[in-house]
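Sequence annotations record features per position, and here TrEMBL assigns region 'Disordered' to 15-61. The compositional bias 'Low complexity' annotation in TrEMBL covers 15-27. Residues or ranges marked as compositional bias 'Acidic residues' in TrEMBL: 49-59. Residues or ranges marked as domain 'Yip1' by TrEMBL: 101-272. Per TrEMBL, transmembrane segment is recorded for 120-141, 161-185, 197-222, 228-250, 257-281.
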């Protein structure tokens, strides 16, 4: 056994040289507080990893989804629960509006704009703005059509606001609810169907209605041909957003069911567009109302004269 005096510390200046002299030795490098650890150069990342990231999606969006899932949810009866649905900034709202106006073929609107943070702020105010745009434009259109007529007396139709609000908000909530229930039912039948949450579907429908706001303002132009051209443009843009968003969710289903689902979505959207145009702007006016009311008076006067 070695004596205590024989034991001494030895300072190794170069670990690499020591390892070269004794290949079997194990060396441990301890860095000081101000030194940064050195790593061995690994294999360079090839283009295959980048291609995988492209196919799987954006890393940042995936991390955002994971972090969003880790947030503690408040009870539904608290204000904090509903506050999360309106937690969106102006940049995100404008970006989603731009995406609804310029749909990109082959790109999923939910995956590209919505999934990281679905909101109700944009859909709520888009629907509210659309309600007032349709009601006010309908009143102005009626006023401009009869402008200059001596027998016409303009009376604001405030009931159009409540009617427009009922139609728009019922469409923006009940149709997504029915579609969400249908997709959940089909997801239980076909396991590989892409699933959307109810909030994501409401968000898509709300932002798809934005293009009808400038369209409703331009409907003031008293030309039927111009109005129908505008409605076709708005319908093609917003309808393509809905079709390209929900086609990936049903394309793995039965071919007939998938096509019937997309056709139903587009038909309901068409019914909303044409119905608003026909009711608020192209409604038949009772031009002969004064003549109809005057006829009985003339009959009574003739009877008295005889």
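Any Cβ shown, glycine's included, is placed from N, Cα and C.
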Counting only residues at least 6 beyond its ends, the same-chain positions whose CB falls under 8 A of a CB in the transmembrane segment (197-222) are 85, 96-97, 99-101, 109-110, 113-115, 118-120, 122-124, 126-127, 129-130, 133-134, 137-138, 140-141, 144-145, 168, 171-173, 175-177, 179-180, 230-231, 233-234, 237-238, 241-242, 245, 269, 273, 276-277, 280-281
Positions on the same chain near the transmembrane segment (228-250), where near means CB under 8 A and six or more residues out
99-101, 103, 105-110, 179, 183, 186, 193-196, 204-205, 207-209, 211-212, 215, 218-219, 257-258, 261-262, 265-266, 269-270, 273-274, 277
Taking residues 6+ outside the transmembrane segment (120-141), which of them lie with a CB under 8 Å of any CB in it?
85-86, 88, 93, 96-97, 156-157, 160-161, 163-165, 168-169, 172, 199, 202-203, 205-207, 209-210, 212-213, 216-217, 219-220, 222, 276, 280-281
Average the per-residue pLDDT over the domain 'Yip1' (101-272) and send me the rounded value.
90
